[in-house]
Amino acid sequence: MHSNVGLAGLAGLLATASVCLSAPADQNITSDTYFYGQSPPVYPSPEGTGTGSWAAAYAKAKKFVAQLTPEEKVNLTAGTDANNGCSGNIAAIPRLNFPGLCVSDAGNGLRGTDYVSSWPSGLHVGASWNKALARQRAVQMATEFRKKGVNVLLGPVVGPLGRVAEAGRNWEGFSNDPYLSGALVYETVDGAQSVGVATCTKHYILNEQETNRNPGMEDGVEVAAVSSNIDDKTMHELYLWPFQDAVLAGSASIMCSYNRVNNSYGCQNSKTLNGLLKTELGFQGYAMTDWGAQHAGIAGANAGLDMVMPSTETWGANLTTAISNGTMDASRLDDMATRIIASWYQMNQDSDFPSPGAGMPSDMYAPHQRVIGRDASSKQTLLRGAIEGHVLVKNNHSALPLKSPQLLSVFGYDAKGPNALKQNFNWLSYSPAIQENHTLWVGGGSGANNAAYIDAPIDAIQRQAYEDGTSVLYDISSEDPEVDPTTDACLVFINSYATEGWDRPGLADNSSDTLVKNVARKCANTIVTIHNAGIRVVGEWIDHENVTAVIFAHLPGQDSGRALVELLYGRANPSGKLPYTVAKKAEDYGSLLHPSLPETPYGLFPQSDFDEGVYIDYRAFDRANITAQFEFGFGLSYTSFDYSGLQISNPKQSPQYPPSAAIQQGGNPHLWDNIVTVSAEIKNTGRVAGAEVAQLYIGIPNGPVRQLRGFEKVDVSAGETTQVQFALNRRDLSTWDVEAQQWSLQRGTYRVYVGRSSRDLPLTGSFTL
């Protein structure tokens with residue numbers, strides 16, 4: 001909202017809303033007062049309590065803030081210019097030995113500097129389904145941030161969640177499922193902060209498309225940012241879920257998003273900031289704007305916003321003036337400053353932390369101090385992370401692994417490395433369907449990060465060919481290349497691009513599909529690798545008899561080629577699973593294929609109605625009984641696994657609602673009480689060792705037929721059997737009760753499914769609550 005509304009004014013506000021909302025549907029809306037009341041006001045902004053592990057940090061912070069002048073408090077709340085390459089800076093307070101803060105992009109590696117690594121993207125981590133690996137990636141990636149003097153890592157991403165198939169930033173997040181995203185964001189936050197680098201989990205909340213994400217001008221008239229309109233139940237059960245896991249892990253900051261939520265801008269929305277984040281979830285850190293996402297002054301502060309980036313025109317001295325005239329309580333400013341300083345103490349950045357921005361030159365091409373962020377100890381994690389995010393979805397006639405080929409033919413624009421590797425790689429002012437000039441290892445925008453090197457597929461293949469005495473022919477520019485008929489295999493490389501600022505033009509492109517079909521027409525063993533920054537439909541050629549193997553290679557980071565060769569030659573066994581659903585045709589995504597566009601009467605105030613509720617991705621496909629090309633959770637291996645021995649413990653009989661308790665970070669602590677345990681046995685029935693992702697889905701009464709509620713990735717040697725266990729807590733088994741405003745256990749029969757994917761579930765059972 002553009003104005004601050006207190007609880008006392010709620011009745012009048014809602015009355016106004018009821019009048020406005022009765023306006024004729026064909027009457028163009030020209031004022032945002034029409035929407036007042038759609039996002040309920042929640043005031044005042046709750047003060048941080050220093051609960052749990054935050055107690056010591058809050059005690060120090062309150063003592064620190066008590067010594068500040070009003071101007072010094074204000075300076076903590078907004079970014080300032082600094083002679084460094086940080087994405088944003090908070091000014092120092094030298095007299096109290098506070099050196100300031102450097103905050104920098106992004107969740108997949110440090111951007112805009114040198115001597116750092118390009119890590120597998122969030123989507124790639126999601127495809128690995130590996131919690132331990134996600135944590136190790138976070139630890140080592142954050143260590144690079146620390147060495148460079150970055151206090152706050154602007155990530156990880158769990159918004160967007162992937163509601164819109166063509167959304168431009170889906171690749172930065174982990175998955176289209178809240179449980180998988182939540183499990184991985186927990187490990188990422190916990191891992192990064194274990195080395196003293198604060199995370200800024202983003203984009204809070206409902207930032208599900210890039211189209212109209214910011215206000216803009218249309219024929220000289222301002223068009224507001226898109227409003228994501230959602231009900232309370234869907235908010236909790238889908239989009240808030242992974243943010244709750246991030247808060248539970250202790251995320252030091254949360255970035256509010258550009259879009260509007262129920263027609264109130266995300267960074268001045270008192271319901272989402274004061275109500276959900278700070279009250280219900282017990283968030284102890286600070287809420288930071290996305291860059292340029294501040295659209296109100298004092299109203300934003302009262303709504304729960306704590307920090308503006310990269311600078312502000314509406315706060316500054318206006319905050320102290322507002323306190324003087326009573327528009328804002330002095331306690332609100334104290335709380336803003338306390339939350340920021342408490343997070344600094346919570347990360348132990350007051351002791352032995354590099355100077356903010358020490359390794360972040362403002363100009364990489366001017367003389368600057370060499371600060372090495374990389375470390376040799378991260379090599380294994382970089383490579384393993386790159387390997388495990390590849391998903392093998394087709395492997396007819398055991399085309400893979402390759403078997404001592406004498407001749408390989410390599411085709412496709414995605415096989416080669418870039419012609420130049422520079423600062424701010426992949427920041428484009430548009431979104432092409434493909435990156436046609438080189439292999440794709442990261443998406444575009446602020447999530448794109450600098451690489452120490454790029455190991456392209458063609459380079460890695462030729463290194464292996466040298467070792468094996470294999471001949472390699474290649475044509476990486478032609479759409480209809482010639483093929484030597486004696487070749488053992490044709491390796492075709494294509495990609496699917498996505499970037500911040502733009503939604504994708506489609507889920508496939510004609511040029512790449514034509515290339516695959518042309519090669520397959522001439523080559524009986526065509527193996528396709530797709531570096532995809534999101535869902536890529538393959539219906540044009542997936543059933544071609546000469547397309548023998550297909551790999552969704554996602555965005556593996558700088559070790560792209562090296563990782564791929566490990567898989568192609570069988571030194572590594574594919575273990576990735578799809579973190580999204582691949583449809584047979586794009587139209588199967590229905591209304592969630594494209595972003596929402598402005599329509600009459602809301603042309604000046606674009607609306608995106610989340611009226612599908614929780615039914616996105618596999619939930620939607622299950623509900624409509626649509627057969628997917630490759631379902632959520634699907635992925636092949638060079639071995640095979642059998643499932644048996646399903647066991648379900650006697651559930652702990654529990655009250656419908658969680659017992660009352662003081663809110664901790666993450667919410668009511670009883671949400672994490674275990675109710676029931678499920679276990680199963682997995683046997684490797686093949687000839688080689690492999691890793692399997694065992695997946696648990698639960699059918700909650702009165703909910704979707706199946707929802708992911710557990711997964712474990714286990715290594716199993718050939719012929720061996722291992723057991724997996726899934727502990728189900730109260731939140732896992734609850735639905736959101738809108739009237740009671742509580743998580744509610746349902747009375748009835750819960751269905752249990754365990755297996756290889758969301759639609760390959762050989763073990764079934766049930767229990768009753």
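Cβ atoms here come from the backbone N, Cα and C positions, even for glycine.
Here Swiss-Prot flags 1-22 as signal peptide. As annotated by Swiss-Prot, N-linked glycosylation site applies to ASN28, ASN75, ASN262, ASN318, ASN325, ASN396, ASN437, ASN510, ASN546, ASN625, with the evidence given as sequence analysis. As annotated by Swiss-Prot, active site applies to ASP290.
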Residue with minimal Cβ packing [other Cβ atoms within 10 Å] among the glycosylation sites ASN28, ASN75, ASN262, ASN318, ASN325: ASN325
Packing count at ASN396 (N-linked glycosylation site) (other Cβ atoms within 10 Å of its Cβ): 13
Same-chain residues at least 6 apart in sequence whose Cβ lies under 8 Å from ASN437 (N-linked glycosylation site): TYR413, PRO418, ASN419
Nearest recorded site to ASN510 (N-linked glycosylation site) by CA-CA distance, among glycosylation sites ASN75, ASN262, ASN396, ASN546, ASN625: ASN546
Under 8 Å by Cβ from ASN546 (N-linked glycosylation site), same chain, sequence gap 6 or more: ALA520, ARG521, CYS523, ALA524, ASN525, THR526
Cα-nearest neighbour of ASN625 (N-linked glycosylation site) within the listed glycosylation sites, ASN262, ASN318, ASN325: ASN262
Closest of ASN28, ASN75, ASN262, ASN318 to ASN396 (N-linked glycosylation site), Cα positions, glycosylation sites only: ASN262
Chain-internal residues, separated by at least six, CB under 8 A from the residue listed as 'active site': LYS202, HIS203, MET255, CYS256, SER257, TYR258, CYS267, MET309
Cβ neighbour count (within 10 Å, all chains shown) around ASN625 (N-linked glycosylation site): 7
By Cα-Cα distance, the member of glycosylation sites ASN28, ASN75, ASN318 nearest ASN325 (N-linked glycosylation site): ASN318
Candidate nearest ASN318 (N-linked glycosylation site) in space, where candidates are the glycosylation sites ASN28, ASN75, ASN262 and distance is Cα-Cα: ASN75
Whole-number Å value for how far ASN262 (N-linked glycosylation site) lies from ASN75 (N-linked glycosylation site) (Cα to Cα): 31
ASN510 (N-linked glycosylation site): tally of other CB atoms within 10 A of its CB: 11
Integer Cα-Cα distance in angstrom, ASN262 (N-linked glycosylation site) to ASN28 (N-linked glycosylation site): 18
